[in-house]
Amino acid sequence: MSAHRLQQLKGHILPGNKITAMAAPSPLTTHVLNTAMGVPGANMGLSLYRQDPSTSAWSLITTGITNADGRCPGLITTEMFTSGVYRLHFETAQYWESMGETCFYPYVEIVFTTNDPGKKYHVPLLLSRFSYSTYRGS
Amino acid sequence: MAAAESSPLTTHVLNSGDGVPAARMALSLHRLDAQLMIWSMLSVGTTDKDGRCSGLIARGAFGPGMYKLRFETGSYWESRGQNSFYPYVEVVFSITEPEQRFHLPLLMSRFSYSTYRGS
């Protein structure tokens, strides 16, 4: 089975995502990695917002929870993923608290601009209790 | 004008794409009012040629709470004639022991950034 097909199937059966049973994988993906422990950041709450260009108000697109691999399939559909400013919000302190630890960052928000929605956007979060990084992948 | 005692909170912005300090980047420090749940701006500044910005907050004003450092990264890259993936970067952090020193650097390129809690 191809990795692509496996990812599609995982998106159908994993709980916690508002958008399920999609025909095609989300053009926007994330991946949370716990760099302190060397494991995927599993069971972390996150949400995706888009900013209205005229009012600057944010609207919620989806909420989800990362799976055992630290991923969250089904963030957005290709049709909804128009050019604009988006915000990914990660519940980092909640995540560390669930493991009995504190975190310097109550949450992490990554605000990014897409101007070529035909492309794939991969926005990972590499996280420890006292550091984080992100990059634009594909 | 530098404060008599240096700020317990410092930052350092590095342009990892070009391998230089990120000079003349605007940034601001905010604190969350826990009762009203709104952010208020405490200070605003611009990084110097070394990518640093002194006087962010006075020791006496630095109590426990939730703070946010906002870096105008998009404007920085625009001033260099380039676009970037992030219109700005906000780092939200929680201070429980304000007697310590907190160094929050930002290492950034057009398509990536990282930060950590230093001292």
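Note that Cβ sites are derived from N, Cα and C of the backbone, with glycine treated the same way.
Feature annotations, reproduced from TrEMBL:
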DOMAIN    B:4-118  domain 'Transthyretin/hydroxyisourate hydrolase'
BINDING   B:H12, B:R52, B:Y116  substrate binding site
Chain A, Cβ under 8 Å: which of the binding-site residues B:H12, B:R52, B:Y116 qualify: B:Y116
Secondary structure of B:R52 (substrate binding site) (DSSP, helix/strand/coil): strand
Close in space, distant in sequence - B:H12 (substrate binding site), Cβ under 8 Å, 6 or more apart: B:P21, B:D50, B:G51, B:R52, B:H103, B:P105, B:L106
Tally of DSSP helical, extended and coil residues in the domain 'Transthyretin/hydroxyisourate hydrolase' (B:4-118): 10 helix, 55 strand, 50 coil
Recorded substrate binding residues, B:H12, B:R52, B:Y116 - maximal Cα separation rounded to whole Å: 15
B:Y116 (substrate binding site): tally of other CB atoms within 10 A of its CB: 15
Other CB atoms within 10 A, centred on B:R52 (substrate binding site): 16
